[in-house]
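J.: The structure's right below; bear with me while I get my questions together.
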Amino acid sequence: MASVTKVVLSRPVTFVTGNAKKLEEVRSILGHSLPLQSHKLDLPELQGEPEAISKEKARLAAEKIKGPVLVEDTCLCFNALKDLPGPYVKWFLDKLGNEGLNNMLMAYEDKSAYALCVFSFATDADTEPETFMGTTEGIIVPPRGPKDFGWDPVFQPDGYEQTFAEMPKEEKNKISHRYRSLAKVKSHLEANYEFDIPSETDANNDSAGNDVEKDTPKKRKREEDDEAAHEETKHKKEEK
Ligand SMILES: O=c1nc[nH]c2c1ncn2[C@H]1C[C@H](O)[C@@H](COP(=O)(O)OP(=O)(O)OP(=O)(O)O)O1
Ligand SMILES: [Mg+2]
């Protein structure tokens, strides 16, 4: 049998995102199957096709982190609008809200859409990032359910009566665009990489001097607290 030589990584993979909700889903989907730490950073995003945007994000992240990174870019594509808003959904959502997203399809009979997640993994800034895509098909509906994560209230996946926002998180995490692309990331990393992480390194500082932390129970607790605080300020804002 041919033995596959795996690339040995001496540092955990850093998931770089400015979005606490993404991080929460990535953590609950991956569990502890992969040595993962996180770094909060809203990277600049190119305009263009989803795969190119995600790859460029990975390059920028790898430059910054100076080690293996994982990033993702999420799109919401309306079929009647030839895949728009796509990667620009963040700006549409910011300006128009979920009501506005739904209204964009008023003039069209076709309410079908798909959610797309494009993960990119890069070992360093000089290596071409690898990308992994996952999609979930559905329809756009008037917003229903909790407003805690992006456009979840307007997206109803095919075969379900509930929007992403209405269904339990565990349910969303079994069928989501994020779950499907992460499944590919996971099997690719398991097949091609091996982690040999020295236990007594100064894990609280990466080589770039960034404040990257190891995934410890203490850190998790702090992140949960941070997220709770973040949610609180968000809700306060919404009440205004
Ligand atoms: O499962 C999801 N369910 C509902 N909404 C979602 C989901 N996933 C991303 N979203 C929102 C966040 C942002 O408004 C836009 C994607 O933009 P995108 O640039 O990928 O995310 P982001 O800037 O918030 O985080 P990041 O720092 O990782 O780029 O769609
Ligand atoms: Mg972004």
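Every residue gets a Cβ built from N, Cα and C, even glycine.
Pulled these from TrEMBL:
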type	residues	note
BINDING	17-22, K57, 73-74, 149-152, K172, 177-178	ITP binding site
BINDING	E45, D73	Mg(2+) binding site
COMPBIAS	230-240	compositional bias 'Basic and acidic residues'
REGION	195-240	region 'Disordered'
J.: Hey, of K21, K57, G150, which of those binding-site residues are within 10 Å of E45 (Mg(2+) binding site), Cα to Cα?
T.: K57
J.: Reported as an integer number of Å, what is the Cα distance between G150 (ITP binding site) and D73 (Mg(2+) binding site)?
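T.: On Cα coordinates alone, these residues lie 13 Å apart.
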J.: To which of the binding-site residues T17, N19, T74 does the lowest count of other Cβ atoms within 10 Å belong?
T.: N19
J.: Which number gives the other C-beta atoms within 10 angstroms of the C-beta of E45 (Mg(2+) binding site), all protein chains shown included?
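T.: Other Cβ atoms found within 10 Å: 16.
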J.: Rounded to an integer, what is the Cα-Cα distance in Å between H177 (ITP binding site) and D73 (Mg(2+) binding site)?
T.: 11
J.: Tell me the Cβ contacts of D73 (Mg(2+) binding site) under 8 Å, same chain only and six or more apart in sequence, or just say none.
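T.: Looking at Cβ-Cβ distances below 8 Å from D73 (Mg(2+) binding site), excluding near sequence neighbours, one finds E45, P50, I53, S54, K57, P87, C117, V118, S120.
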J.: Cβ-Cβ under 8 Å from D152 (ITP binding site), same chain, 6 or more residues apart: which ones?
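T.: Counting only residues 6 or more apart in sequence, the Cβ neighbours of D152 (ITP binding site) under 8 Å are G145, P146, T163, F164, A165, K172.
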J.: How would DSSP class T74 (ITP binding site) in three states?
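T.: Reduced to three states, the DSSP call for T74 (ITP binding site) is strand.
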J.: Using DSSP with the three-state reduction, classify T17 (ITP binding site) as helix, strand or coil.
T.: strand
J.: Counting other CB atoms within 10 A of each CB, which of the binding-site residues K21, K57, H177 comes out lowest?
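T.: Counting other Cβ atoms within 10 Å of each of the binding-site residues K21, K57, H177, the minimum falls on K21.
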